[in-house]
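So that you can see what the record holds, here are the features copied from TrEMBL:
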REGION    16-36  region 'Disordered'
DOMAIN    55-468  domain 'Major facilitator superfamily (MFS) profile'
TRANSMEM  90-109  transmembrane segment
TRANSMEM  121-139  transmembrane segment
TRANSMEM  145-169  transmembrane segment
TRANSMEM  181-203  transmembrane segment
TRANSMEM  215-236  transmembrane segment
TRANSMEM  287-306  transmembrane segment
TRANSMEM  326-343  transmembrane segment
TRANSMEM  350-371  transmembrane segment
TRANSMEM  377-399  transmembrane segment
TRANSMEM  411-430  transmembrane segment
TRANSMEM  442-464  transmembrane segment
Amino acid sequence: MSDTSQSYNDAGAALEKRSLDDGSSEHGVAKADAHHDGRSGAATAKLWTKLDLIVLPVVTMMYFLSSLDRSNIGNARIAGLQKELHMTDYQYSLALTVTLIPYTIVEIPSNYLMMVVGPRILLPTMVLLWGIICTLQGVVTSYSGLIACRFFLGLVEGGLLPGITFYLASFYPRRLLQLRVSVMFSATSLASAFSGLLAAAIIHMEGVGGRHGWAWVFILEGLFTVLFGVACFFLLPNTPEQALGLSAEEKKIIIQALHDDGLHSDDEKETRNWTQFGKTFIQPHTILLAIAGFFSGATLSGLAYFLPSIVVGLGYSGSTAQLMSVPPFAVAAALSIITAVFADRYGHRGLTLVFFSILATIGFAIFLGSFVNHTRYGSLFLLVPGTYCIGPPLGTWIANNSAPLIRRGASLALLTTMTNLGSILSTWLLGSLSPAPRYTSATITLLVFQIGILLCSVATLGYLSSENKRKERAKSSTVERESEGTMPNESVWFHYVL
């Protein structure tokens, strides 16, 4: 194994070392922030901001381009793709499904592969390959050619979301993670908004080079992704220790904060323990959040792929329809980051999920109950932010409460796998099973799914709270804290984040 891969495992495993004070990650982070090496809390906060400037722009742009290149087919559809390739609604849904099947299958093995080769190799390779495939969509002349491109797009892009979340969870203590994940995940909302703006401009290239406007949407966006993928090989650090622009002292402080927030093990075999891997799939809180991920994925992908078509059904057309899909996504991006600041400050993930699931429920209820197009468009400002803002706390919550390292990687991959299974459902639910412009069956189903997310969140809060209380009682009869090896999250010294 390469030194960079080993270093990545060590940095990731460092997340598992618990603070000796009281087993709470929050105390561990505070201790590192305020006292380590004599630095003030303000100085250490500046250090985390410095790390943000090194890491977050790269991974956020990666996810932005992933979202843009995967969902721009929705913009191409209303710009003439479906008509040009003589597709029925059934065939359009099939093209989306063909993307999501390999996308779902590769997520768990992809996270394991990243532990082997390191993120600096795997993540940029994904970006480069899907950029090439996205570009090729612009030169297809048949439905079968589009199907082939969509399959390989899903195959090479599928591991990105669990990979990036796993990557960030290896750079930041648990208390600081949701804001960073929210910044990264806001790229989804921004991509959906920017996709409409960009498509509205690009479709005016109709006839340039003998190609349709929808073809140029794929070509230009894909070529930019290719260029950025090449740059990522040089921009993305494997671990905090390899981050350019940090002094040796700053790297030491970051690694110490990670140590104070988890259990570090230099034994590579412990980070690859297959028994621990298997236990991921029988943890009650992991199962509940994975189910919530299924519900969230169905809603999120449905809006990503079909919101431009939904807006058309509300009476808008052409470039106006592209532009009117932008504002709800912009609101979602801003709200996600604002709520993440408070969630990190007070250490609450579950309450964030409860809030946004209720917000989305209200939005879908209005969309279902109203027959006035302006009112139904207004409901998008509730259901789109409610839907898109669920992803960051969901991913952060499952990462915060999964240990050791191999469980964290597996749980994040499981979550995104379930999310994409929900996405497969949405391609049919909104594509051909529920006709426009009312989308009645789809709206009812997605409304029920928001209630399902709410129930899963409340149940997870109840379970984790009871487990924390049980662990506090058990500590009094525990002679000493585990000192070696990777600490599993069921240890009495592991405090669950609520």
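Placement of Cβ uses the backbone N, Cα and C atoms for every residue, glycine included.
Counted over residue pairs 6 or more apart, the CB atoms of the transmembrane segment (411-430) and the transmembrane segment (121-139) come under 8 Å in fewer than three pairs, which marks the two as apart. Counting C-beta pairs under 8 angstroms (sequence separation of 6 or more), the transmembrane segment (215-236) reaches the transmembrane segment (181-203) with 3 or more such pairs. Looking only at the domain 'Major facilitator superfamily (MFS) profile' (55-468), the predicted model's pLDDT averages out at 90. Taking every recorded stretch in 121-139, 145-169, 181-203, 377-399, 442-464 and counting its Cβ pairs under 8 Å to the transmembrane segment (326-343), the highest total belongs to 181-203. Highest Cβ contact count with the transmembrane segment (377-399) among the listed stretches 121-139, 145-169, 181-203, 287-306, 442-464 falls to 287-306 (criterion: pairs under 8 Å).
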